Amino acid sequence: MGNKLVLVLVAVALVMGPKNVSAQNCGCAEGLCCSQYGYCGTGEDYCGTGCQQGPCTTASPPPSNNVNADILTADFLNGIIDQADSGCAGKNFYTRDAFLSALNSYTDFGRVGSEDDSKREIAAAFAHFTHETGHFCYIEEIDGASKDYCDEESIAQYPCSSSKGYHGRGPIQLSWNFNYGPAGSANNFDGLGAPETVSNDVVVSFKTALWYWMQHVRPVINQGFGATIRAINGALECDGANPTTVQARVNYYTEYCRQLGVATGDNLTC
């Protein structure tokens, strides 16, 4: 009964609104930076701390030698997936091997800073993956195909196909044409012409989640877990918009930090 209630609550959360809403303000013109809050411009407020895209002025620290596979054990991931109902489509889709394979394209993930920093980044990413997918139950957003995720302002650069849907898919629930386009280009698939690839190829599915993470979340990871919430779905959740959902994400993060044996750090909410 408890698990069913959790799945119902997750389903409601997935239906409530589009994912990655803060990213709607990114996709800036050449020469402009996308700020940590998702707005385009120049200067330190846009290109400094938390800058997500463009000619950012804040340099990233060099990669460390921490090994993700040693931190992300089979027991850790299976402990999450095992909480999904047996009938969930994602239960037999998402695997540790697929995630590790996707990591070959994003070797800096979880490898900046100390081992504790690596553990916190992995805990943060999987807290969001857990929340977005209901413990890896869902591959696609519930009723997502019935929603319009074609952003008119970016349609010239990322043209939508009338026969395709750009609703939430994969661990991060990648959404919108302006995300599918560049995610496809970065990961060698046709994001605009074949967005369903994210639902059909588990390695690509994880790659798109890692792409989004490295593009939009990694730049703010040193500001605390709350900043990662803002980077993923801040417009719908932060600043009092949905404190229950924020707390749910924080609870997952706190639990995964506990499992990995690392302190959560400060600034957990947004």
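Each residue, glycine too, has its Cβ placed from N, Cα and C.
Listed in Swiss-Prot as the disulfide partner of Cys51, from the options Cys40, Cys56, is Cys56.
Every protein chain shown contributes to the tally, and the Cβ of Cys137 (disulfide bond) ends up with 24 other Cβ atoms within 10 Å. Spatial neighbours are here defined as Cα atoms within 10 angstroms of one another, and by that definition Cys56 (disulfide bond) has no neighbours among the recorded positions Cys28, Cys40, Cys88, Glu132, Cys160, Cys238.
Cys33 (disulfide bond) sits 35 Å from Cys137 (disulfide bond), taking the Cα positions as reference.
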